[in-house]
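J.: Structure in structure tokens, see below.
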Amino acid sequence: MYTYGSTSINNKGNLAIGDVDTIDLAKQFGTPLYVYDVAFIRERARGFKLAFEDQKVKSQVAYASKAFSAIAMIQLAEEEGLSLDVVSGGELYTAIKAGFPVERIHFHGNNKSKQELEMAVESGIGCIVIDNFYEIELLKAICSEKNATINILLRVTPGVEAHTHDYILTGQEDSKFGFDLQNGQAEEALRTVLDVKNFVVLGLHCHIGSQIFETTGVLLAAKKIIEQMLHWKNKYSFEATVLNLGGGFGIRYTKEDEPISPYQYVSEMLKEVKKLTEQHSLKLPEIWIEPGRSLVGDAGITLYQVGSSKEVPRVRKYLAVDGGMSDNIRPALYQAKYEAVLANKPLEKVKEVVSIAGKCCESGDMLIWDLPLPEIDDEDILAVFCTGAYGYSMANNYNRLPRPAVVFVENGKSTLVVKRESYEDLIKLDLPLY
Ligand SMILES: *Cc1c(COP(=O)(O)O)cnc(C)c1O
């Protein structure tokens, strides 16, 4: 059996994560339960950072906290010396409450509100990634009102879009994000921000997609941006001190996925950037990246209690679990695929193929189609792998299901880091009519 992340089989024959028995975790904390292997997250973070160190390139590796934002996770990112991406006032608030150094926080988003931008400026945020002309005016007004100076990056769309195994080249990129490089919007934006005295224009940002398995796309994007940098140096004497190449590094959800290591990805990226900047006699900017999924995705699993089943003769058997699209909406939203095992008998011989259904009142609430499993008993615990990214962060209360708890495990120890929601929590904001 292939084990994901740092899961293993312990001497009781149970699935373990970070050397902690998953059956014990289900008993102690209940189900559904998100469990993260902290050592795995640390290892990934170090892999990204090492690639920069080995190539002697100044960098920031910013954890894209939308993948999983919680106080403990932000603190772990801080322990590993990462920077942090936030995309909303709520994520920024979480980071500030976690005590994360604000000067290493970068603020993204295509529609940051006045209130969110004010909060960012007042907190002394490290950098704002400007997405559109509306935002330039809004931020300019806020900075001048508060007499504040702010670091900015311009988000550009280089006309390269990555889709897992392929990438598309579009002349005019059809995206809600950023300034287009080819139609002159990026250049107009640059001219505009260079004229704002409260802005320190650090450089450029691009993010070409997610769950990417090869470097072709990012190398192409880097090439297009660096060519523009040369043009802008000649025309405006503008030299970018930062080039942010985004996130999107793929992980192995199922056997079909073949990601390359963070180390290899970053190394190839850096070689290309060095080559291109040398070619054009540009000074090598600091390189920033923004991994989300690849830092936390395969570090997390979800444990469920199995429940009812339904046999549709000659068609399929459904096996329901005590969660579903409320704790993992990715299968319903993106047809995302996952692997899973029965955590109390991961090595037992396969007996049947079942489809794992959630418990929400929605036919589309399916977690996994056609999963081979051993004989199923009432007390079995299903462990779904690779749920660490966009699981908890996209969790919702559909059908008024309380959101699961989150546990960190490391060195054989487990720590509750997000409490399970209670029924009380569910009605906390409701105001009665009488
Ligand atoms: C979502 C996002 C990321 C992180 O993407 P992952 O696929 O989780 O690595 C990074 N940067 C930007 C701008 C994003 O929108």
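Count begins at 1; order follows the chain as displayed.
Glycine residues also receive a Cβ, built from the backbone N, Cα and C atoms like all the rest.
Those TrEMBL annotations? Automatic predictions, nothing curated.
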J.: Select one of GLY217, GLY248, GLY358: the residue that TrEMBL places in the pyridoxal 5'-phosphate site alongside GLU290, PRO291, GLY292, ARG293, TYR390.
T.: GLY248
J.: Among the recorded positions LYS66, ARG330, CYS361, GLU362, which ones place their C-alpha within 10 angstroms of the C-alpha of GLY292 (pyridoxal 5'-phosphate binding site)?
T.: LYS66
J.: Those binding-site residues, GLY248, GLU362, TYR390: which ones have a Cβ sitting under 6 Å from ligand 1?
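T.: Checked binding-site residues vs ligand 1; flagged GLY248.
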J.: Hey, for the pyridoxal 5'-phosphate site built from GLY248, GLU290, PRO291, GLY292, ARG293, TYR390, who else sits with CB inside 8 A of the CB center?
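T.: Result: ALA64, LYS66, ALA67, SER210, GLY247, PHE249, SER294, LEU295, GLY297, ALA389.
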J.: If we check Cα distances from GLY248 (pyridoxal 5'-phosphate binding site), which of the recorded positions LYS66, TYR334, CYS361, GLU362 wins as closest?
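T.: Of the recorded positions LYS66, TYR334, CYS361, GLU362, LYS66 has its Cα closest to that of GLY248 (pyridoxal 5'-phosphate binding site).
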J.: For ARG293 (pyridoxal 5'-phosphate binding site), which of the recorded positions LYS66, ARG330, TYR334 has the nearest Cα in space?
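T.: Nearest in space to ARG293 (pyridoxal 5'-phosphate binding site), counting only the recorded positions, is LYS66.
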